[in-house]
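Student: One structure is given below, represented as structure tokens, and several questions about it will come after.
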């Protein structure tokens, strides 16, 4: 070893230690004693350490900092400004009540900020300044009551905002201004009484909107009109929502709509009819009792319908006709006794059918389901029979391909009991026809009027729930034959009855229409041919009697005068000519005939 190299070799073993000592404070080699650090992931974990201030000496290249579950009460401006590489900051479940404007200044790389479970009350402008790269902000479980105008104006990269479980009562119209990339927002368990439509209209890139557990009674027409890019809308647990206004979804072009655990009593067809691109519809846990025929046909691209945990008792034939892409139906946990093949446009295209939890009657109406049982996805619980008794509790998957006699059969409908086949009623009276039938499954009763039209459940002439035909305020035009038809899936039977109507004249003897009356105003006077004949008779008979009486009196008078002379003589005095002064008078004799 020469003198030139000796000094160099002497300090080389100490060079790494010297390098670390010369690094500025807070490098990755340092870690606060109250925290745990990992150099591989550049993460610092200081959660649940009862800290009331942010510890010093944090590594400058930290990318994840977890300070959750401590006692932090506030953040001052620039407190974290040295952590320029920080990407995720968790401040959840502290006691933060104030965030000074500029508190996050210098965190230009931060992507995720979690502030849930604190005591924040008002979010105003400037609080989140400097967070130009932030994509997720979680403000749940605070005490926030107001979002002021411009509260998030500097978060131009924000894509997801969570603000549930707050005391939120008002969202200023410009609160969400500047959130040009926000794609998802969740408002849940707040005190909002209306949907903040004006504020939401400031979100041009919003794709998913979740409105959960809100005490809002209605979604007014046009409330979400400005959200043309919205694809997913979730309305969950609005106990006061009983119906959707027809125009409540106007302006939307949704592909997924969920209105669950509300109080809808029927499918809101009028509000849905324009959603031609809707693929998924979830109306589960609503008191909906029926799906009528063809009302879903405007939703031509609908693929999935979920209506589990509702009150469904019937799904009509042709209920899903017009839905050429339909492949999933979830109606588990309802009150359905059957599901007929005719409800679907093409049962073979059905992939998933959730039907468990229904009191199914395993008769001929479910033979199609038995045929497809090995191909269909029934989920974790396949449907089971609730009746007849000999198959009660048996899953559809347990049946063999060759059925024993008496399994999955039906009996055609037959009329067993009916009232009089000929009924006579007075005009303005009341007429009733009874009709019932037997069969398996139990048949339905329908009535056809004389003109050939089927009668409904409402109106002056209506069919009651028990199949009875009731005609109130009988009119002359109600006269004719009425046909009772009892039918089920196995067949039908019919019975012809007749109604005869007796016309009743008003007390004043006129034949005016008794149906046209107004209090205090006399109605118009109309006569039919019989009335005209009566009027003519009443006028002609007195006239004829008077003329006959006159001629009779004249005849009696003439007989009282004796023999009648048939000639008479009278003098005729002609004009005297000017030249004849002695001419006398002329006598003329005329005969009376």
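Each residue, glycine too, has its Cβ placed from N, Cα and C.
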Student: Quick check on the annotations: Swiss-Prot lists transmembrane segment for one of 513-533, 534-554. Which range is it?
Tutor: 534-554
Student: For residue 191 (N-linked glycosylation site), which residues in the same chain are close in space, meaning a Cβ under 8 Å from its Cβ, but six or more apart along the sequence?
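Tutor: 145, 167, 168, 169, 215 - these are the non-local Cβ neighbours of residue 191 (N-linked glycosylation site), listed in sequence order.
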Student: Residue 263 (N-linked glycosylation site) has how many other Cβ neighbours within 10 Å of its own Cβ?
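Tutor: There are 14 of them.
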Student: Counting other Cβ atoms within 10 Å of each Cβ, which of the glycosylation sites 253, 492 scores lowest?
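Tutor: Sparsest of the glycosylation sites 253, 492 by Cβ contacts within 10 Å: 253.
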Student: Through the lens of DSSP with three states only, how would you label residue 263 (N-linked glycosylation site)?
Tutor: coil
Student: Could you round the CA separation between residue 263 (N-linked glycosylation site) and residue 253 (N-linked glycosylation site) to a whole angstrom and send it over?
Tutor: 24
Student: Just to be sure I understand, if DSSP states are collapsed into helix, strand and coil, how many residues of the repeat 'LRR 11' (325-346) fall in each?
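Tutor: Summed by class, the stretch gives 3 helix, 3 strand, 16 coil.
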